[in-house]
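Engineer: Quick one: the structure is below, and I'll ask about it shortly.
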């Protein structure tokens, strides 16, 4: 596999022709980094893991690390491979590396790097051409499903496609699928696991007959080539010796196998990620590769980035309290963020009577933000599932709020954009020196574009907006310096390769998963209620924890304004919905309907039993006995909590006082969670003062250390 190194190192387009110039430019690369980022940038070699919280400048730190290594001669640009997960992220990394003076460093997605590798080695090893990569696997899976006498319903085929990809990314063979999928709690509605395994096996046969491969096969082939052909592995490793992997919490077992093959016996790997943003287990991602990195690489350097430059202190407090609650064991495994921005407005929380009212109030909030100076493009509405989008789109359209739905067709894949680029390429071939903007407008005009937008909405307007976006990109380029058509086309080609889509002047509607890695001035999270956050299908402790992290990702997308809303009822349906358990203890409602007094709600009564976790009313005898809803995540040792309550009840009866006078439930929860082992540690628990330590400390510590409650009470009786 040919590896070409840079002939001349550059910085911002200027050649580095001396050691002194290189040193000067290296210092300029390090200037402006905070102490933690600078430590990342100057820790060259490996193995290194960087735990980087949301908004802490991880891309800045790792790109500056790469450039610092090149400028100081510690690594050759041609020997570095930087890997990430999305084309957009890889494009952003390449753009930053170009600007910093390291244009020769390879920054690719896993699949792009592996495809480049197997395209080079496959013909040499097999003597045949590499099979074509199928652009879509839907038809292949549908054929396999029909052979197993399943329907070809779109939703079913989509689910089967997801399961096949999950199995391949986690190194699960079709014959083993049923047992391992059952163990992992995975299921396709209406289809037995054994049948899914047979569909997966038939899918492989369908591909073989068609002579095609899928995207997971790209990684599998790269692993197999290096594992089965030592000469391939040796040649690859002689070219690349230094590896940087971004978003390492999202690595799957298959991707980890590929990294292992790439490294061989080498140790020069730097991984960057955030366990608190691990939200892709459904696709096979395993954050334990990050959290256990130091086990896999003994002696590894582990660094942390915790200064958040994105969000206000008010937003950061809510995010921190969600995963790292004060005086309680942390739910997350990442860093506690430190806000660097000045104070901003309070986080808003709004309860609505139904989904229509929630969408209407949201529209009014967006309009108000826009009137106060926030561009439409700097606002986003985030939700858990795509089915929440239609009611939001209707409300925004009625309020005349422009919007775009993220996750729809990519900009450069749109038919009108492809046609425009093809026309621009043809024009550039005949007259590359033509003035850029004039030539572009001529090509777009021939397709139907005009400076004035068409009236109304719909497909005609969408097509015009795509062409207008191309016009605006070239206009922006020519504003900076005169450009020819050839230069403009090259610029557009680079943007398309990096998936740098133009930003539309509209509010972004997006699922929480699709919003990861993005940020806006103002963010609204809708549907923050049980059944959506956490999602109804999340039942195990691990699944609930991932839903909590998904909520955290949503919170940390906002720079200044953050709004959380939920509805107590569904439009046109009877029944009650509860606010998400994740809101418990985070924020107080700041607007909207009083949830307890919402239509259809029962009148609040004194003495109603409430959940110890979320604070909402308990409705069944079983819940009252537990002290919490069955689906509420309890962050402490329930058995220890019950033993402490038994002891407290006996002491309260003995002293003829209410139980809360001894210790409140909240204090017992904190004791059961933190399990302090000394009087000093006891004093750190809220609700435990010196007087109570003197009176109850010995008994409480004995119970926390495992003593039988009856023995503790008997000992207290004996002491008189």
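The backbone N, Cα and C atoms fix where each Cβ goes, glycine too.
Because TrEMBL annotations are produced automatically, they should be read as predictions rather than curated entries.
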Engineer: Check each of the ranges 1-21, 22-42 against TrEMBL and return the one annotated as region 'Disordered'.
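Structural biologist: The range carrying the region 'Disordered' annotation in TrEMBL is 1-21.
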Engineer: Neighbours of the ATP site 52, 53, 54, 55, 56, 57, 58, 59: Cβ within 8 Å of the Cβ centroid, same chain, sequence order.
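Structural biologist: So the additional residues around the site are 61, 274, 305, 308.
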Engineer: Of all the binding-site residues given, 52, 54, which residue's CB has the most CB neighbours within 10 A?
Structural biologist: 52
Engineer: Please compute the mean pLDDT of the model over the domain 'HRDC' (634-714).
Structural biologist: 83
Engineer: Looking only at the domain 'HRDC' (634-714), what are its DSSP counts of helix, strand and coil residues?
Structural biologist: 57 helix, 0 strand, 24 coil
Engineer: Taking the Cβ of residue 59 (ATP binding site) as the centre, count every other Cβ atom within 10 Å, in any protein chain shown.
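Structural biologist: Result for residue 59 (ATP binding site): 17 other Cβ atoms within 10 Å.
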Engineer: Sort out for me which one of 55, 57 has the most neighbouring CB atoms within 10 A, since those are the binding-site residues we care about.
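Structural biologist: Answer by Cβ density within 10 Å: 55.
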